[in-house]
Amino acid sequence: MMKGLLTVFVVGILAGSMSVKAQSVADIVTDEFYNGIIDQSDPGCAGRNFYTWNAFLEALESFPEFGTADDPRREAAAFFAHVTHETGHLCYIEEIAGPDSPNSEYCDDEDFPQYPCNPDKSYYGRGPIQLSWNSNYGQAGERIGFDGLNSPETVADDPVISFETALWYWVNVVQPVIGQGFSETIRAINGPIECDSGNPPAVEARVSYYIDYCNQLGVDPGPNLRC
């Protein structure tokens, strides 16, 4: 009798786990969850009318691999923790300093000659993960279907493409290391500046958002949180 009950119990757990795994990202990132992030930004933020939930869902259709490298809830929590930090709760469409930053061009023609910079354009941060550098604009444009080198401003003008660039960067650069813990996702996004005591407050902010979103989505954050 006990063995039978144990079998039923284990099967029930497995079935429950499978049902969680079978959840789509759209089921996890509900409008309630999404609005809980963007509603914390200032009402006057440009991003509030730009970064819509529907734009995210539409962009998601082009990247079905998102949410497949880990528990989809944990991956969604990690993604939006970084998005929250990079954009101030989906407030900023462009890097705050933008064209006025000392290195606004973000041009590296020497290492990436296949993605030549347009001298009239700047490749500073734009979008939910603040896409930067000519190589990333070029590669993202090839994958998504826009002229990233000659029209980088598209990332700040088209909300779907904007989210697509963030998802492109995620699945190509961040997703491969997500299994090593949230710490490595920080390193993949802004490691040289923030990790290894480079900017502890920024790291703590990302971790705080991540833990909060994991709690909201009902998933354990896992080990190795700080880089």
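Glycine residues also receive a Cβ, built from the backbone N, Cα and C atoms like all the rest.
Look at TrEMBL and you will find 1-22 tagged as signal peptide.
Secondary structure counts, DSSP: the domain 'Glycoside hydrolase family 19 catalytic' (45-67) has 12 helix, 0 strand, 11 coil. Per TrEMBL, domain 'Glycoside hydrolase family 19 catalytic' is recorded for 45-67 (among others).
Residues 50-51, 55-56, 58-60, 62-63, 65-66, 79, 83, 93, 126-129, 131, 136, 139-140, 143-144, 146, 154-155 of the same chain sit 6 or more residues outside the domain 'Glycoside hydrolase family 19 catalytic' (161-171) yet have a Cβ under 8 Å from a Cβ within it. The domain 'Glycoside hydrolase family 19 catalytic' annotation in TrEMBL covers 161-171 (among others).
Within the chain carrying the domain 'Glycoside hydrolase family 19 catalytic' (45-67), a Cβ under 8 angstroms from the stretch's Cβ atoms is held by residues 24-26, 28-29, 31, 34-35, 38, 75-76, 79, 87-88, 90-93, 128, 144, 159-164, 166-168, 170-171, 175, all 6 or more beyond its ends. Using DSSP to sort the residues of the domain 'Glycoside hydrolase family 19 catalytic' (161-171) gives these counts of helix, strand and coil: 11 helix, 0 strand, 0 coil.
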